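Peer 1: A single structure is presented below for examination.
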Amino acid sequence: MKFELDTTDGRARRGRLVFDRGVVETPCFMPVGTYGTVKGMTPEEVEATGAQIILGNTFHLWLRPGQEIMKLHGDLHDFMQWKGPILTDSGGFQVFSLGDIRKITEQGVHFRNPINGDPIFLDPEKSMEIQYDLGSDIVMIFDECTPYPADWDYAKRSMEMSLRWAKRSRERFDSLGNKNALFGIIQGSVYEDLRDISVKGLVDIGFDGYAVGGLAVGEPKADMHRILEHVCPQIPADKPRYLMGVGKPEDLVEGVRRGIDMFDCVMPTRNARNGHLFVTDGVVKIRNAKYKSDTGPLDPECDCYTCRNYSRAYLHHLDRCNEILGARLNTIHNLRYYQRLMAGLRKAIEEGKLESFVTDFYQRQGREVPPLNVD
């Protein structure tokens, strides 16, 4: 993988990730394909929304179908028939989400398989091996996603262990002869001094890109913005920056304003299945009775398959009848909305008009522009 940086507007960056499998224009949003599928969508439909890279989930694919089944097909690209690049998370977030059924040690994490209750152990080395078998174009180190809230002492211990695990991840990745990209993950909760230590430690080890982890886990938005404003300038300018698990459309806008290049989140697909649809002027909750006789398109400014062909009344009808097609059409629209948003941000950065784009984005939704505390 090669990262090319074209231009900046304030702290926002316009560039691209170049892979053997294709080029990804940045800033970018990566749809989440947890089990080797973006829920309800064929790879061709995902690509048609404008997505150039997707995310797969190491933890879930390790449990089902497992490494051996994956290797029978070649790798994850062959298994799911996605032709473009794939980023896989390390499994750390899912393991730490298991709560009481897991035990963290210096060596790794002991837990019970949530499917059948069998005892399982996952460590940095195993995570690198699974992601190698998946053929991931971007591999994420194995780390502990520090929960929120966490006091300073806990956050410090967690961050320091994640640094040690980052070194082990790097060593196993290299010993496997993996020619793809490996990203480090910056931790430290909401504490700037801990984030400083994490960034420096990861840069000293050396990675192909750097993710900001441990945000969007319940902390106030002001804390997320503050940490991004503090951390992003410390990440080497020639490396891509990835904000993990984020987020709402406004979170993508605010991340880009602060220098983030890559995002992923289940929100557009999950919300689509619940009838919560993103449009230029805000949100449409399609199961609301007021849409029963609305013959207009979901979003008049959207060019997706759903908006070009179907009315709000039809989408409302499908939702009320729990029809699978409704979830699919909603997902197509939400994913296209996110890709159109990212394309708009990229164009605005190219033209040096980002703040004008941001102002218009919020005004269309009747909201104030959040403050930006950068030099």
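Start at 1 and count along the chain as shown; that gives each residue its number.
Glycine too: its Cβ is placed from the backbone N, Cα and C atoms.
Swiss-Prot lists these features:
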ACT_SITE  D89  active site, proton acceptor
BINDING   D89, S90, G91, G92, F93, D143, Q187, G214  substrate binding site
REGION    245-251  region 'RNA binding'
ACT_SITE  D264  active site, nucleophile
REGION    269-273  region 'RNA binding'
BINDING   C302, C304, C307, H333  Zn(2+) binding site
Peer 1: Other than C302, C304, C307, H333, which residues of the chain come within 8 Å of the Zn(2+) site, judged by Cβ distance to the Cβ centroid of those residues?
Peer 2: P297, L298, D299, D303, Y305, T306, R308, I332, R336, Y337
Peer 1: Taking a Cβ cut-off under 8 Å, which residues six or more beyond the ends of the region 'RNA binding' (245-251) line up next to it in the same chain?
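Peer 2: Distal contacts: 93, 215-217, 221, 224, 263-265, 267, 278, 337-338, 341, 361-362, 367, 370.
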Peer 1: Report, in whole Å, the straight Cα-to-Cα distance of D143 (substrate binding site) from H333 (Zn(2+) binding site).
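Peer 2: A Cα-Cα distance of 34 Å.
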Peer 1: Sort F93 (substrate binding site) into helix, strand or coil using the DSSP assignment.
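Peer 2: Its secondary structure by DSSP: helix.
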Peer 1: Within 10 Å of its Cβ, which one of these active-site residues (D89, D264) has the largest number of other Cβ atoms?
Peer 2: D89
Peer 1: Would you mind splitting the region 'RNA binding' (245-251) into helix, strand and coil residue counts from DSSP?
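Peer 2: Final tally across the stretch: 3 helix, 0 strand, 4 coil.
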Peer 1: Taking the center of the Cβ atoms of D89, S90, G91, G92, F93, D143, Q187, G214 at the recorded substrate site, which other residues in this chain have a Cβ no more than 8 Å from that point?
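Peer 2: Filtered neighbour residues, in order: F96, M140, I141, F142, E144, C145, I185, G213, M244.
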Peer 1: Can you name the residues of this chain that are 6 or more positions from Q187 (substrate binding site) yet have a C-beta less than 8 Å from its C-beta?
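Peer 2: Long-range Cβ contacts: D143, E144, C145, T146, A155, S158, M159, S162, L194, R195, S198, G213, G214.
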